[in-house]
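**Student:** What follows is a structure written as structure tokens; I'll ask about it next.
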Amino acid sequence: MFKMISSPHTHSNNLTANFMLWVIGAMLPALVVQWYFFGYGIFIQASLAIGLAVVIEIAVAKLRGKATAFYLADLSGILTALILAMAIPPYAPYWVIVIGVIVALLLAKHVYGGLGQNLFNPAMIGYALLLVSFPVQMTAWLPPLALLNEPPTLADSFSLIFANVTTDGFSVHQLIQSVDGVSSATVLDGSKQAMSSIKDNVTLGIQLDKLFADVLVGGWGQVNLAFLLGGLLLIYKRIIHWQIPVAMLGTFALLSFATDFVSETARWTAQAQLFSGAMMFGAFFIATDPVTASITPKGKLIFGALVGLLVYLIRYYGNYPDGVAFAVLLANICVPLIDHYTQPRLYGTKLGRRQ
């Protein structure tokens, strides 16, 4: 005798938590590389962000009368906190990451109704607010540890984050100024300054050639390579789709190489741009957010290309050296329109004008 049961009759182990866990795992190599080049600060920031995220998720669950496990089990809050922690300078004051996580989870996620309801990428909302509100703290990137006379120890890292000075009394800006020829900004600032202020062809060529080497010496090339490898793993495991990162990187690369070709004097800038800043981070781990990105196959290509175009415009012609966060948020606004006009044709219907 057969037993009648209700649908669904097929089940999948691809739960939300599994997807989030894969994404977190794919970010860990970049986390380790960032620690290798920039010190213990990244681990402290990540621990602080994740701990606060857990507290916020529990508090929201209590306020809404839900079981605590209901909000913690999907790991979305932890992923948001980790993304934000890896996006800010490792030795930013503790209150920077605290404000960022609160804004990302409370205002950008739970105010809209929680996971799946938010219109904008929560981590990028938090990051953009921090960048606009606290530009000094958000641009205080230490040079790689190998370039520092006295790299911060674990005790120094805690002291810098919670007391703004090392155990010997040096601030982040003093550590930055102690290294000749190295500024607190990334290689993107150097590219922008070189293109805008140097007119001599020989000098410009030499400086822009040096930028590509700075990407590797400064650690940004290795960090982006780690994000690239992690992103390729996610595509292989079908955790994310290939359309968004390929369209984003392809559009940006095409425009960057075209700019280099037209300028005639710019060499290596496109390569340096692709492997510096948050380019690979944004392409594989931020723009691919399944809630705030386009959901149709054609829409993913359009969305990714739009993000790549906006990053190009901001980096080459805007005031900010990176621009990934603002590009993703601006593209999020266009998602409903993109999805509306890229819906695939229903099986059995004819191509024609949309009614």
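Just so it is clear, glycine is given a Cβ too, placed from its N, Cα and C backbone atoms.
Found this in Swiss-Prot, in case it helps:
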type	residues	note
TRANSMEM	15-35	transmembrane segment
TRANSMEM	36-56	transmembrane segment
TRANSMEM	66-86	transmembrane segment
TRANSMEM	87-107	transmembrane segment
TRANSMEM	128-148	transmembrane segment
MOD_RES	THR186	FMN phosphoryl threonine
TRANSMEM	215-235	transmembrane segment
TRANSMEM	239-259	transmembrane segment
TRANSMEM	275-295	transmembrane segment
TRANSMEM	297-317	transmembrane segment
TRANSMEM	318-338	transmembrane segment
**Student:** Counting Cβ pairs under 8 Å that sit 6 or more residues apart, are there three or more between the transmembrane segment (36-56) and the transmembrane segment (275-295)?
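**Tutor:** They do not touch: fewer than three Cβ pairs between the two stretches lie under 8 Å.
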**Student:** Who are the chain neighbours of the transmembrane segment (275-295) in space, where the CB to CB distance is under 8 Å and they lie at least 6 residues beyond its ends?
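**Tutor:** Residues packing against the transmembrane segment (275-295) from afar: 19, 23, 26-27, 30, 83, 86-87, 115-121, 123-124, 186-188, 215, 220-221, 224-225, 227-228, 230-232, 234-235, 240-241, 244-245, 248-249, 252, 302-304, 307, 311, 315, 321-322, 324-325, 327-328, 331-332, 335, 338-339, 342.
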**Student:** Which bits of the chain, at least 6 residues beyond where the transmembrane segment (239-259) starts or stops, bring a Cβ under 8 A of a Cβ in it?
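**Tutor:** Residues packing against the transmembrane segment (239-259) from afar: 19, 22-23, 26, 231, 266, 269-270, 273-274, 279, 282-284, 287-288, 290, 293-294, 297, 300-305, 307-309, 311-312, 316.
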**Student:** What residues elsewhere in the chain lie close to the transmembrane segment (318-338), defined as a C-beta under 8 angstroms and at least 6 residues from its ends?
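**Tutor:** The answer is 87, 119-121, 124-125, 127-128, 131, 185-186, 188-189, 191-192, 277-279, 281-282, 286-287, 292-294, 296, 299, 302-303, 306-308, 310-311.
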